[in-house]
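Below is one structure, written out as structure tokens; the observations come after it.
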Amino acid sequence: MESPNHTSLDSSVFVLMGIPGLEQFHLWLSLPVCLLGTATVVGNITILAVIATEPALHKPMYLFLCMLSTVDLAASFSTVPKLLAILWCGAGRISASACLAQMFFIHAFCMMESTVLLAMAFDRYVAICHPLRYTTILTDTIIARIGVVAMVRGSILMLPCPFLIQRLSFCQSHVIPHTYCEHMAVVKLACGDTRPNRVYGLTAALLVIGVDLFCIGLSYFLIARAVLRLSSHEARSKALGTCGSHVCVILISYTPALFSFFTHRFGHHVPLHIHILLANVYLLFPPALNPMVYGVKTKEIRERVVSVFQKGQGTGLKALE
């Protein structure tokens, strides 16, 4: 083991501070975190159960929604338990290997989610611009391959980051001013040259957010152009209505992500607790709100959920009789 003044990553234990400057509010902040975590689990499991048990929903759009719910659940399990432990009892100690694992999974799942959102935009483009070829383009095999691509893309793009961090030495503080092992928050603690880490992190983020947002924007530009060519107002409204849920999910997912990304790298005058709150909004809100958006705006899912609750109430009333 090296001396305390030059401790390597392999022998270190990090400490997650939580939200610096707001320590006195940690217990109160745990309430919305707990509510969002519960909403994420209940909402996404409900979406998965409804689609799995309803043959009429075994369509590309809903299969992509299953992928999104699965990724959201996995991302939530990667962050919420440790976050609540920090907020409830200050249990911020985390081993180096666990920190690297959490970093990998959090960022990889975020990249997978972006890929799935891109696939959902492509699904809406095909459904509206090429409706007669919809079932021949988006076959079960193609959908499965898209799911594999989403997993492989997120994993491969994130895989170099832990290895790039392992080469660094942490000769100063091992206290991470964050609620989870965020890539740049860990890199900023390192001594020596961290330019490869910074450049790669920025490149990977731009490859995902930049490319996916451009392709999603292009898809909706083509969709809008096709819809405006429709002669019937009712047909235009129906076509745009099918995109409403996905547009809401895109705004929910990418807006806090972009704010977090730009303030972390360029907002040097933004207080640290604002950085961390934005990063947590980015991780906590989309997984909790996505199933609500689809549950409210998608008629088939809404009716199925309502029927399940009505059956449950009917069964309960019969038991009381």
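Keep in mind that glycine also has a Cβ here, set from the backbone N, Cα and C atoms.
According to TrEMBL, the feature transmembrane segment maps to 25-50, 62-88, 100-122, 142-165, 204-228, 240-262, 274-294. As annotated by TrEMBL, domain 'G-protein coupled receptors family 1 profile' applies to 43-294.
Between the transmembrane segment (142-165) and the stretches 62-88, 100-122, 204-228, 240-262, Cβ pairs under 8 Å are most numerous for 100-122. Cβ atoms under 8 Å from those of the transmembrane segment (274-294) belong to residues 19-20, 33, 36-37, 39-40, 43-44, 46-47, 65, 68-69, 72-73, 75-76, 79-80, 83, 106, 110, 113, 177-180, 182, 245, 248-249, 252-253, 256-257, 259-260, 263-264, 267, 301 of the same chain, restricted to positions at least 6 beyond its ends. Sequence-distant contacts of the transmembrane segment (62-88) (same chain, six or more residues past either end, CB-CB distance under 8 Å): 16, 18, 26-27, 29-30, 33-34, 36-37, 40-41, 44-45, 47-48, 51-52, 94, 102, 105-106, 109-110, 112-113, 116-117, 119-120, 123, 143, 146-147, 150, 179-180, 249, 280, 283-284, 286-287, 290-291, 294, 300-301.
The list of residues near the transmembrane segment (240-262) in space but at least 6 beyond its ends in sequence, with Cβ under 8 angstroms from a Cβ of it, reads 68, 110, 113-114, 117, 120-121, 124, 127-128, 205, 209, 213, 216, 220, 223, 227, 275, 278-279, 281-282, 285-286, 289-290, 293-294, 297-298. The domain 'G-protein coupled receptors family 1 profile' (43-294) scores a mean pLDDT of 88 in the predicted structure.
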